[in-house]
């Protein structure tokens, strides 16, 4: 891991280098994705079947072979162990409860001239959620993407999940059952994104696509944005831990590992006010890494993008955190709620030594789909509001038409838009 000290003259340069990440789009990936999207848009189900058989090594004869029914999802739920059933239901219940509190409501008021103004909230009609399949299967992603849509009132939630070599993950399908997914298609990659965006003979066009995926899925989401909405194009996972030395070093070490084990380009950063404590955490990491099944990935991640930063105090730690704008921020300090008030930019803030980031990933309640790559400066976690729309309401009274008409007429003439002005004037006495 890199070692930085805010008192060093080259600290700012070192911090910028630490956060630098090459996000340039791969031209070859973009070309392949463009061809796939165009083909699926043109040939629909036939193209989808061909690409699925090619990339996932399946043997689908027709689109019916790529459809899972509610009975299939229920059967998957029944096959998993009881403790896993309970865990899925507990997580779903907590996520639902949290996202119910995010739900936007319609409102209106009447001004002094009798004109009604307001905002009408409506859910999206149909959404698609992409879930990685095969060995890298994440049932938690199903719950985090589907449950907010369900809470928002989306009538049709369509899930696509690849099944390499026909391998279905029962826990993922059980999560779909628990989270209220309407339909499931066993397709993945750019071809699945294209099918959701443009529609095929069998897969209906959706209004928005959410969910994580590989580079081809990310490129496809970028390409279809505008035809449909998307949640975000997420970068590598990140964690930043601010520690005052009161949390056991082993706990912090494992929290850093929890993000580093995602992949070799994930980023784990520890900010501390004591060099002795940073050394203690480093020693814990050296000891605990021996027990990690994904040791190679963790070591590569920490070596590539990990860091320990020594600061003079917690105020400085918060300033640096706001600059980094991490996906996950752990405030492993005393009085965490007070320090949280100093945080302006973070996807999720985990307060106190008992609030491990992994609890938020799975079952605390808030969404684990979070902005990465410093985008927390201007964006937010996935939520119920992402599956709702706002429409403005205006009902002008006869009296209001006189006052507003005069104002609108003057402004319209100022813009040389005569029809606009006349439309307002016709309603004036």
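Just so it is clear, glycine is given a Cβ too, placed from its N, Cα and C backbone atoms.
The feature active site, proton acceptor is assigned by Swiss-Prot to 327, 328. Here Swiss-Prot flags 130, 191, 214 as NAD(+) binding site. The substrate binding site annotation in Swiss-Prot covers 237, 259, 262, 328, 361, 415, 420. If you look up Swiss-Prot, you'll see 259, 262, 361, 420 marked as Zn(2+) binding site.
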Lowest local Cβ density (other Cβ within 10 Å) among binding-site residues: 130, 214, 262, 361, 415: 415
Near-site residues: NAD(+), ref 130, 191, 214, CB cutoff 8 A to centroid: 160, 162, 188, 189, 190, 192, 193, 213, 216, 217, 220
Among 191, 237, 259 [binding-site residues], residue with fewest other Cβ within 10 Å: 237
Residue 361 (substrate binding site) versus residue 214 (NAD(+) binding site) - Cα distance in angstrom: 19
Cα-Cα distance linking residue 328 (active site, proton acceptor) and residue 262 (substrate binding site), given in Å to the nearest integer: 14
Residue with minimal Cβ packing [other Cβ atoms within 10 Å] among the recorded positions 328, 420: 420
Nearest-integer angstrom distance between the alpha carbons (Cα) of residue 361 (substrate binding site) and residue 191 (NAD(+) binding site): 28
Residue 420 (substrate binding site) to residue 130 (NAD(+) binding site) - Cα separation in whole Å: 45
Subset of recorded positions (130, 191, 328) lying within 10 A of residue 259 (substrate binding site), CA to CA, in sequence order: 328
Separation of alpha carbons, residue 237 (substrate binding site) and residue 328 (active site, proton acceptor) (Å): 8
By Cα-Cα distance, the member of recorded positions 130, 191, 327 nearest residue 237 (substrate binding site): 327
Candidate nearest residue 327 (active site, proton acceptor) in space, where candidates are the binding-site residues 130, 191, 415 and distance is Cα-Cα: 130
Other CB atoms, at most 10 A from the CB of residue 327 (active site, proton acceptor): 29
